[in-house]
């Protein structure tokens, strides 16, 4: 049975086509701020238990859509699935975040790196994509909203692979980049090939848009960012499938702290650039001059404010962009685990309400 999208507003906005309102989804929209997520995680036993079992991943992917009229679903997974598939031994210690048992530090470590067999090592992800697509679709073949697939960027993956986990200053990975750029470029080359293959596998399984999360690109200096992050994002984008089943598959790139390099990101070949909250959205729209759509960019901590303040800040973001195509509303980074769910409901409602008013010319 042929599938049709009931709500394709998100995809049309990414392609800079006119929409009746501004679509919204939220980074980490399926997460610890939702009681139902925590209940499912408890059943799964761990974060990796959630991410590596398609039934659980499907369940938590759909949870925010049951609460809020969001305009897209995003695959529940983790950005570190690729290095885990490379054999680095990913674990999430309680209260400590991700850790790798086998960090990549030496020439011998780098020499052992290889692009994983996506089907053999990451089949649980593509299985989840297929299962989520089925769950989003009713008996008549009508799909509620599009599904987003994603990966970490080559540089961001390298940060975790070399540091062995998170870091405050990234001194180990940066030291390698400056002292042994040959090793760093070898890691990044393998990562770029793996990210492209991984995203293409998600597209073939049913992801209708894909996003590259360059969470730590902003830790680099100007110049180093272009060499070690941007160039490899460009390589990934060049290898992506941009059509599947007769439909365009838009690509989004997001560098946290990357406002300085907006024009560079817009020139990578992506359809949209994600922005954090430090960037003026109206000026960003002028800077990209219609070449790409923009996604963002409310400060996530605003969701701790009273409802009327949340609504006012949402209106400010929408007013900054103005009545132009090509905007997807999002946070400037992932939603905090401490966010009250009822505040998310206020945000989603105001984005839909006020953007419709802007389109109609009333704007209030």
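Just so you know, glycine gets a Cβ as well, placed from its N, Cα and C.
Annotated features, as they stand in Swiss-Prot:
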- 28, 29, 30, 31, 32, 78, 160, 215, 333: substrate binding site (BINDING)
- 78: site 'Transition state stabilizer' (SITE)
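Locations of recorded Swiss-Prot features on the structure.
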residue : record                             : contacts (Cβ under 8 Å, 6+ apart)
28      : substrate binding site             : 334, 335
30      : substrate binding site             : 37, 60, 61, 63, 64, 74, 76
32      : substrate binding site             : 38, 41, 337
78      : site 'Transition state stabilizer' : 47, 48, 51, 98
160     : substrate binding site             : 80, 83, 98, 100, 152, 166
333     : substrate binding site             : 27, 256, 276, 277, 300
Specify the secondary structure state of residue 78 (site 'Transition state stabilizer') as given by DSSP, simplified to three classes. coil
DSSP-derived structure type at residue 28 (substrate binding site), helix or strand or else coil: coil
